[in-house]
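So that you can see what the record holds, here are the features copied from Swiss-Prot:
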type: ACT_SITE; residues: H195; note: active site, proton donor/acceptor
type: BINDING; residues: E20, A21, Y129, D200; note: substrate binding site
type: COMPBIAS; residues: 247-260; note: compositional bias 'Low complexity'
type: MOD_RES; residues: S78; note: phosphoserine
type: MOD_RES; residues: S167; note: phosphoserine
type: MOD_RES; residues: S261; note: phosphoserine
type: REGION; residues: 236-314; note: region 'Necessary for endoplasmic reticulum localization'
type: REGION; residues: 240-278; note: region 'Disordered'
type: REGION; residues: 243-314; note: region 'Interaction with UBQLN1'
type: REGION; residues: 281-314; note: region 'Necessary for cytoplasmic retention'
Amino acid sequence: MGSQALPPGPMQTLIFFDMEATGLPFSQPKVTELCLLAVHRCALESPPTSQGPPPTVPPPPRVVDKLSLCVAPGKACSPAASEITGLSTAVLAAHGRQCFDDNLANLLLAFLRRQPQPWCLVAHNGDRYDFPLLQAELAMLGLTSALDGAFCVDSITALKALERASSPSEHGPRKSYSLGSIYTRLYGQSPPDSHTAEGDVLALLSICQWRPQALLRWVDAHARPFGTIRPMYGVTASARTKPRPSAVTTTAHLATTRNTSPSLGESRGTKDLPPVKDPGALSREGLLAPLGLLAILTLAVATLYGLSLATPGE
């Protein structure tokens, strides 16, 4: 893959994409799970026939490539994210998951290279979350141009456009465009396995099978180079060169208390432990306290004795 994007044209492969992470954008989240489902455009141009009365969820195409991975995030998951996704740093460590590293980035590239080009990543709310987060993870590895050969579209934007085109004069309450709401609106049921990366990808594919030919035309006209996506948050040079901790190391660090003593050779902050004084100084300080008290008592006795001598006898 070169640094230049391929010329615009019919997208040959749509890669439905979703990520779960440790939290919302303001918290600089890290990926905990990702899934990519590659579908050739011919599978959408000639969709399989649904079985049963409408609305029936269409079956996925027979020929797909899928990559699904859980990832050690290297930081704690927010309680809300853990409750929604069922993933936490401790759970991922217990299963020996690895961080988002060069190996994972190369795996993503190898997966993409197996697909007919041009490719287009399709993610729900991708412009605001999945795409910038993926760019941030790649930037941590110094690979901001790794996906310059790919294109991308946000399925929310696409589905809004398709709904407006099909019913331009429709009035009524404002519709929700969350993945679950659209799925329920189309098929009369909740999507299975919500808030798992694979479950959300399959739900998105089913939604895009609603009007596949119209979707393909919209994607061909509006896909933009993935290289135009800015990372969700800035990455410093030191962060790029700093080794990423393993899941086991991260979990052990999160579990330790703040007053745990460092091991030999480790450098802790200056606020963690008070400076160690010279043993001789400690012994001198221990002697000075009783000597000072003895001096005060001696002075008091001498004063009383002097007063007794100055007082006339009976």
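Each residue, glycine too, has its Cβ placed from N, Cα and C.
Here the features listed in Swiss-Prot are placed on the structure.
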| residue | record | contacts (Cβ under 8 Å, 6+ apart) |
| --- | --- | --- |
| E20 | substrate binding site | V31, T32, E33, L34, A81, T85, L87, H195, T196, A197 |
| A21 | substrate binding site | P29, K30, V31, T32, P73, A81, L133 |
| S78 | phosphoserine | T22, G23, L24, S27 |
| Y129 | substrate binding site | M19, P25, A123, M232 |
| S167 | phosphoserine | none |
| D200 | substrate binding site | D18, C35, H124, L179, P191, D193, S194 |
Cβ atoms other than its own within 10 Å of the Cβ of H195 (active site, proton donor/acceptor), all chains, total 18
Which chain neighbours of the substrate site, leaving out E20, A21, Y129, D200, have a Cβ atom within 8 Å of the mean position of the site's Cβ atoms?
D18, M19, V31, E33, T85, D130, L133, H195, A197
Given the substrate binding site residues E20, A21, Y129, D200 in the record, what is the largest Cα to Cα distance, rounded to whole Å?
14
